[in-house]
């Protein structure tokens, strides 16, 4: 800068220590790892994995589960982390590597938009139950005024003295022959509280009903928390995850210590992963399918969150080591949480005098019916209940942070000149829109909408997008070129090192994904919520959501081909990296991404790939 006396003074640019001052970077490695763990460790680790392990042979299930982690989980997580870190862009712009498939990135954003809607609702459920737990006794510990005649804490057993089916019963003190005992189906107080009070659930998707206002207020609070945490992007969320990503482990440990001291806990753990393990289950194909799908779901692969978070890393960060750490911690969390869940469910089965299988539930049933019921039986039950639902809240928030960050990052990357200085406004508006779109999910039919999104969008679509990701970057872009890109970041690796990853990316992982996808479609059963069947229009809507998410892949490809105006060379070039595909900063591009070198390498790599094929 020229001073008053004509002298020149050096201009110092202040960038808060970020390697990439335009987009920003994680303040330190810890914030990045905790954010990745928070994103990967979701509600599925808490309420889905324990049930899957129980259903598929207990401890024996760990064998296929760990194999799928090695063959699919780590390779895909490594792939996505490397892509995001290399280009420092979100899930749309990262497809500049293969422009014809840029619609895959848009589909990832659509998935996040839909998933963030129902995840926000689950956070609202957790908030409501956490607030409801601040009273003694817990409101679902007994049948109150909201309950109907089916509500009972214990099984109802009647004596049919006449042997004729009766509808009216009288109370008498008699000894009843066991052959005349009739057990009437009942619903636990926690089940009726969930249906009648928390959800105010209607009879089906056809009966929408009004908005349940206590859930709507919790939904608003959830949106406010997320907006506040992301107001400065990763700079603010990186501080929040110090608590939200670590606190769940403290709660799980506390619940585990409390659980193993209870009567019946050993039986619960035996059913989960102990002496009741059934190795013969490994001969069943369904067990291997469940292991693979659980690995995909728990890591949230192909949703765009992994490359988005990785895009804020320093260019030379060792993303391979990070991928191994995060995926191993993620799977370890699933196993660890299972011990805490089943120790207390074992106690619940002991109290009721039932087999473990009669008290174990999956998904919402485990988190909001079975486990709260078990916690209500403990001394100082409000304390354990508050801890449990606060844990669900923090786990849900971590995943929601990443989902919203994907959307805002894509908007900022698409319009950097307009929106760069307006990150806070973009974040707040995104959270407002997600809140408004979530209102139908907090009506009396809301749980049916949540289940519909979960069953369709968070399953089929993920497998298809993961397959497209491998096809795009490992086959069209070229695995050799992709490996050279990775080595620009982490340095040269041995041939044997890359031999394994080539085998996974080119053969093992895509084959497993394809088999799971085809098998899932073949054995498809229309989703239900409990005994409630979805109407035909509801199922059609579910498939429409799948189509809405995936339609962008052919639409964007068609648009780019049309834009090429029939020029054959331009159409072919859509399968080659665009001029905008390179490391974000000039200092990292080197000779490989100078214009002439990049063009020559494209031709060379294409010839190499053709020879290998």
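Every residue gets a Cβ built from N, Cα and C, even glycine.
Among the features that TrEMBL reports, transmembrane segment is placed at 32-50 (among others). Within the same chain, residues 26, 77, 122, 234, 237-238, 241-242, 244-246, 248, 272, 294, 297-300, 305-306, 309, 312-313, 317, 322, 325-327, 329-330, 333-335, 337-338, 341-342, 362-364, 366-367, 391-392, 395-396, 398-399, 401-402 sit at least 6 positions outside the transmembrane segment (32-50) and bring their C-beta atoms closer than 8 Å to a C-beta of that stretch.
In the three-state DSSP assignment, the secondary structure recorded for residue 298 (Na(+) binding site) is helix. Using a 10 Å radius centred on the Cβ of residue 298 (Na(+) binding site) and all shown protein chains, the other Cβ atoms total 25. Summarising the annotation, TrEMBL assigns Na(+) binding site to 38, 40, 41, 45, 298, 330, 398, 399.
Sequence annotations record features per position, and here TrEMBL assigns transmembrane segment to 62-83 (among others).
Summarising the annotation, TrEMBL assigns transmembrane segment to 104-131 (among others).
Taken from TrEMBL, the feature disulfide bond applies to 143-151. The secondary structure of residue 143 (disulfide bond), as reduced to three states from DSSP, is coil rather than helix or strand.
Residues annotated as transmembrane segment in TrEMBL: 211-231 (among others). Within its own chain, the transmembrane segment (211-231) has Cβ neighbours under 8 Å at 120-121, 123-125, 127-128, 131, 198-200, 237, 240, 397, 400-401, 404-405, 408, 423-424, 427-428, 431-432, 434-435, 438-439, 442-444, 446, counting only residues six or more beyond its boundaries.
Listed by sequence, the residues of this chain that lie at least six past the ends of the transmembrane segment (240-260) yet keep a Cβ under 8 A from its Cβ atoms are 30-31, 34-35, 37-38, 41, 229, 266, 268-269, 333, 336-337, 339-340, 343-344, 346-347, 378, 384, 387-388, 390-391, 394-395, 397-398, 401. Positions annotated as transmembrane segment by TrEMBL: 240-260 (among others).
Below 8 angstroms of C-beta separation, residues 20, 23-26, 32, 35-36, 39-42, 44-45, 48-49, 52, 56, 61, 64-65, 67-69, 72-73, 76-77, 80-85, 87-91, 94, 105, 108-109, 111-112, 115, 234, 319, 327, 330-331, 334, 399, 402-403, 405-406, 409-410, 458-459, 462-463, 465-466, 469, 512, 516, 520 of the same chain, each at least six residues beyond the ends of the transmembrane segment (291-312), sit close to that stretch. Under the heading transmembrane segment, TrEMBL lists 291-312 (among others).
Summarising the annotation, TrEMBL assigns transmembrane segment to 324-345 (among others).
Annotated transmembrane segment per TrEMBL: 383-412 (among others), in sequence order.
The transmembrane segment annotation in TrEMBL covers 424-450 (among others).
Residues 76, 79-80, 83, 95, 97-98, 100-101, 104, 107-108, 111, 114-115, 293, 296-297, 301-303, 505-506, 509-510, 513-514, 516-517, 520-521, 527, 542-543, 545-546, 549-550, 553, 575, 577, 605-606, 608-609 of the same chain lie 6 or more positions beyond the ends of the transmembrane segment (456-478) yet place their CB under 8 Å from a CB of it. Marked as transmembrane segment by TrEMBL: 456-478 (among others).
Annotation comment: TrEMBL describes 499-524 (among others) as transmembrane segment.
What TrEMBL lists as transmembrane segment is 536-559 (among others). If you look at the transmembrane segment (536-559), the same-chain residues 6 or more away from its ends with a CB under 8 A from one of its CBs are 100-104, 106-107, 110-111, 114, 205, 448, 452-453, 455-457, 460-461, 464, 468, 526-527, 574.
Put simply, of the binding-site residues 40, 41, 45, 298, the one whose Cα is nearest the Cα of residue 143 (disulfide bond) is 45.
Of the chain residues outside the Na(+) site list 38, 40, 41, 45, 298, 330, 398, 399, 37, 39, 42, 299, 300, 333, 395 have their Cβ within 8 Å of the site's Cβ mean position. For residue 398 (Na(+) binding site), other Cβ atoms within 10 Å of its Cβ number 26. Contacts of residue 40 (Na(+) binding site) defined by a Cβ separation under 8 A and a same-chain sequence distance of 6+ are given as 77, 298, 299, 300, 326, 327, 329, 330, in order along the sequence. In the three-state DSSP assignment, the secondary structure recorded for residue 41 (Na(+) binding site) is coil.
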